[in-house]
Amino acid sequence: MVSFFKTPIFILIIFLYLNEKVICSINENQNENDTISQNVNQHENINQNVNDNDNIEQLKSMIGNDELHKNLTILEKLILESLEKDKLKYPLLKQGTEQLIDISKFNKKNITDADDETYIIPTVQSSFHDIVKYEHLIKEQSIEIYNSDISDKIKKKIFIVRTLKTIKLMLIPLNSYKQNNDLKSALEELNNVFTNKEAQKESSPIGDHGTFFRKLLTHVRTIKENEDIENKGETLILGDNKIDVMNSNDFFFTTNSNVKFMENLDDITNQYGLGLINHLGPHLIALGHFTVLKLALKNYKNYFEAKSIKFFSWQKILEFSMSDRFKVLDMMCNHESVYYSEKKRRKTYLKVDRSSTSMECNILEYLLHYFNKYQLEIIKTTQDTDFDLHGMMEHKYIKDYFFSFMCNDPKECIIYHTNQFKKEANEENTFPEQEEPNREISAYNLYLNYYYFMKRYSSYGVKKTLYVHLLNLTGLLNYDTRSYVTSLYLPGYYNAVEMSFTEEKEFSKLFESLIQCIEKCHSDQARQISKDSNLLNDITKCDLCKGAFLYSNMKFDEVPSMLQKFYLYLTKGLKIQKVSSLIKTLDIYQDYSNYLSHDINWYTFLFLFRLTSFKEISKKNVAEAMYLNIKDEDTFNKTVVTNYWYPSPIKKYYTLYVRKHIPNNLVDELEKLMKSGTLEKMKKSLTFLVHVNSFLQLDFFHQLNEPPLGLPRSYPLSLVLEHKFKEWMDSSPAGFYFSNYQNPYVRKDLHDKVLSQKFEPPKMNQWNKVLKSLIECAYDMYFEQRHVKNLYKYHNIYNINNKLMLMRDSIDLYKTHFDDVLFFADIFNMRKYMTATPVYKKVKDRVYHTLHSITGNSVNFYKYGIIYGFKVNKEILKEVVDELYSIYNFNTDIFTDTSFLQTVYLLFRRIEETYRTQRRDDKISVNNVFFMNVVNNYSKLNKEEREIEIHNSMASRYYAKTMFAAFQMLFSTMLSNNVDNLDKAYGLSENIQVATSTSAFLTFAYVYNGSIMDSVTNSLLPPYAKKPITQLKYGKTFVFSNYFMLASKMYDMLNYKNLSLLCEYQAVASANFYSAKKVGQFIGRKFLPITTYFLVMRISWTHAFTTGQHLICAFDPKGCTADCKNSAPCYKSPESFFFTHALAAEASKYLFFYFFTNLYLDAYKSFPGGFGPAIKEQTQHVQEQTYERKPSVHSFNRNFFMELANGFMYAFCFFAISQMYAYFENINFYITSNFRFLDRYYGVFNKYFINYARIKLKEITSDLLIKYEREAYLSMKKYGYLGEVIAARLSPKDKIMNYVHETNDDVMSNLRRYDMENAFKNKMSTYVDDFAFFDDCGKNEQFLNERCDYCPVIEEVEETQLFTTTGDKNTNKTTEIKKQTSTYIDTEKMNEADSADSDDEKDSDTPDDELMISRFH
């Protein structure tokens, strides 16, 4: 009882004790945490101080940087000097000029001493506002005097004056900080430039802003509701008065010669806070610089007083990598984002709410996005030159690579003096000759770069323009202040705005987005525009939209506005509707050839129009609308041409329909749109090398060729090539990659190397070496014929016949251009080309072809094809396709993608007809059928003329088809917006393995990324290209692999390196899979009636399992009532639908046969060439008394029928025990297999699930036996090797001992010494045992390790004495022995002095008794 009461007290004491310990522990932990937090806070304070100092230092690098100030001053002086010496002496000092500008801040210069005309130039004392007015004067007078002769001079002057204005603006905060040493006052002084105007306008040119926009929206609403107006978009832009096409000069400038109007534009933009954009333009460097300064003033307290947000200068931001630039921007704009290395900025940006983002951050987001694109575009373009860069390289390495290429050394040099810079074609070389580039002067020297820009930039070609911009980019990326200053006058940083027009929308549709933005702003808040907006006030999206509208739509004196001029230029001048069509034809860093360069305000117009014309601009901010707009770039452009999943029969008939209904004059119109030399370039794009008649002699006419002496007649060359592909496919599961097929003996040992996991990817250029040996062998056998030898080798080749000369030329051309030769094929249908063929035979052939195709497909319908070889001249072809692609982009209102392709095809047909001058007109001519249409004196021509004759002969029939195949590959690739992403996808590490896989077509990544096999057959190539790779029995896989190689070359031309490698790796594997798939598909569809019968039976049994009664009484087995539907349920067993034991006995029989067919089919896993050939290797010494089997191809051979039987056994076994699985396979048979898209994905599913189950089943059945056979085979082989080695060691001794002991005394071998030596020496030379050594030998087995290094001679003597030959004078000694002795004589050191006349005796037939080997008793 006492203990009962003590228990709660004891528990209470324990609880209090533990509680105290816990509290103490918590307090200790708290103290520790406080200490840690104090340490952390100390570190944070230190970091904060560093960050604070960093912020201030970053701002000082922009407005307190002495180096920047020095370089800007230097460039300012250079510009002022160049303006004074400029050949264009404008602007002139006219009456009224002094009222426009303060003439005291300008210098006046006379044009000539004899002329009273005076022009003015700015000075160092000229302010920013003075340069603004000076720019207005230059534009006014340039418009008045403009002509094509001075076009480049006007452009250059406008560029440098704009640069001078930018420099004056950049120097304002620099000079202010230098004088006052106050950061904020320097920023405010810059801000006052756009707020404190010298003369405040009393009234706006548009009156009250609110009233103006209300009237505008009412007018827009009226037009949209008016059903009589057809083109509402054009009416919104041009108004009621239709404007005709203006003079071409009117398109060069945004305004006409009216300075007052220019000033009104400046005032409008200042009122809406867009003055900075108006005066600077969309220059990526300058606009970014001032936008960052604007952000610094706006958030000065957070950046530099509260010091809570990180700040970076614009120059520093550009030094970061492309992805880090956005991270830095988010830090400056106080945004929190989650970054994924593999995700695009667009995706991460849109995941975070950016509704409160300031306009400055939006503009910086835009500038960074397109600066990154500008950087990538320049780097991508270098791939067209002799050196390659990639976007992910470190900036230092980009610089080193550039100078290593230009200067042959990573050290800087003056690139304008290097050979790389000078060697661009079609340019006058006026540079001084230097052996070594000058390295004493920096490559970024301000004077040097400005001098060459002013002197020669207008004459630069594409490559030199690229080098100049790339030089500047390397400096920017590596924080070089001189490059930062030099960039201010480079055109590429203005032109980058063109890259933002990517959507395929009409210009009027983009303008409607701007109107929607204004409508949204007007509906949300009806307020008066603040007239004193400045840099400190927020520039809202509404300010941007309304300001952009007024800037682009203001006009005077009924002169068209900027918007109207640009729209007329597109629709009336160029006759296009989409801005993207124009932009795609322009270079991003071009020279002065672009008309926009006449007036930089064109770029300002495009920039403002771009910011306000995104589709979602009315609902989102600028950056969000931009990223939502480019979201379509990730969407696959699915058209009939580009969509590889589009049903091929529909695509084929649609293509033929479009071709048939193309207007006759459309081809003529296309020719007019092309340049004058393009047709000749088209002819030179292809060169035919291997004549079709040459290949036919080894293929179709192979039976006429004489076989080599003692050898059987050779098989057709296409059959041999096809067999090689089939053989590789059969052997690939065991790891016999074809790159080792050069040596047939190595191939037998490759299976052992598979275990070492040394992967050798199947690259086509290695496989081509194997095919080359086969092709050369076939030609060599042809030239070894007796009649060919007599004609070709033993007679003058001048009188040789044309056919033999054509054969020799074809093989010589093939060997010379082996790496570039591609083989195409066409159907060989003689009856189709011969007019003498009766009509009923043609109808019969057509009916047979139809029946053959309907019940399956047209696989193997023809044995032979017309195969020919050619090469592509990639540089010329690329120029042709680029021009045609530009024509298509400019004329999308005339052409669709399909109609343009077919128009080009008809143009190629027209070119093909120009080659038909030497062809007979009658189609019955045998020469026309077999393409022997070379000139009659072909063999008498020289080599160059014969090569031209081969090309003309082949081009007369196959130019159009071959050229169009190459063109469509390039055109459809350029048309698709999916190729960039696809190329990046196959550059990832996980997909590189897919590209090199021998079964890539059964992987999800391969199918998901477009299945390059289906892309080649259904998108990249025209429909007629599928005929030879399906209908030919011999050569279809060979031709398909060449399609892959053509695709590889085309992708390489477009700089898609990963896709190029993918096609090269898959040229054999995917081509084999396609051929095997077609054969299986053909026979599979023949079983439609049988499959349907069993499906109906299965449905009836399913009904019986679920209801107990059969649906169809005919399938009710005997024993049940005749009236099955009215009988009592006797089959009801729902679980039998999933698994049934009733048919287990029958299923086991089929499982048994399935097991043994697997043994035959899977033998390749362990035995190269199969189990049979492996066994035959042990009997190679026995001559095989049988005929040589015909090489196998992808057709209905023994293996195919074994696989068919294997499939039947599998179906009968597993379909019987599981109806659910049977229905699954029925769905595949009836639906999935008939739709290519579903079939490809089912193949992947089948590999990972169904085939996985089959593999596991094989592992416990047939694979066990195959492995046992392999081990037994190797054991027998090793035992055989052991026996051979033992026999090889004993054989020489046994044979000599047998000779000594068994030879009859009466029968003496009358052999001379050298006969004996030669006999035994030859015997010993054939014995090679690799110096194997036997371990653990007993005393009686030691002889196994003895080797005979010399020819043995055995002498048998009596036990008492050994006698020598009577003629041996030097040997008189005797040796006593007790038993038979073996003596080894070194025949090489034998004393030849004893037989001086032996050499003469070798030719004698009489025996030499003195040299006989005799026995003595």
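Yeah, the Cβs are placed from backbone N, Cα and C, and that goes for glycine too.
If you look up Swiss-Prot, you'll see 1-24 marked as signal peptide, on the strength of sequence analysis.
The feature disulfide bond is assigned by Swiss-Prot to CYS333-CYS361 (among others). Annotation for CYS333 (disulfide bond): same-chain Cβ neighbours under 8 Å, separated by at least 6 residues, are THR357, SER358, CYS361, LEU364.
The disulfide bond feature in Swiss-Prot is assigned to CYS407-CYS413 (among others); the stated evidence is similarity to another entry. The DSSP secondary structure for CYS407 (disulfide bond) is helix.
Mapped onto three states, the DSSP output places CYS517 (disulfide bond) in helix. Within 10 Å of the C-beta atom of CYS517 (disulfide bond) sit 26 other C-beta atoms, taking all shown protein chains into account. Marked as disulfide bond by Swiss-Prot on the basis of similarity to another entry: CYS517-CYS545 (among others).
The Cβ neighbour count for CYS521 (disulfide bond), using a 10 Å radius and every protein chain shown, is 20. The annotation disulfide bond is assigned in Swiss-Prot to CYS521-CYS542 (among others).
The transmembrane segment annotation in Swiss-Prot covers 1204-1224.
Summarising the annotation, Swiss-Prot assigns region 'Disordered' to 1383-1417.
What Swiss-Prot lists as compositional bias 'Acidic residues' is 1394-1411.
Separation of the C-alpha atoms of CYS413 (disulfide bond) and CYS545 (disulfide bond): 47 Å, rounded to the nearest whole number.
Across the structure, CYS521 (disulfide bond) and CYS545 (disulfide bond) are spaced 9 Å apart at their Cα atoms. A distance of 49 Å separates the Cα atom of CYS407 (disulfide bond) from that of CYS545 (disulfide bond). Looking only at the disulfide-bonded residues CYS361, CYS407, CYS542, CYS545, the densest Cβ neighbourhood within 10 Å occurs at CYS545. Each residue contributes its Cα atom, and for CYS542 (disulfide bond) and CYS517 (disulfide bond) these two points are 7 Å apart. The Cβ neighbour count for CYS413 (disulfide bond), using a 10 Å radius over every protein chain in view, is 22.
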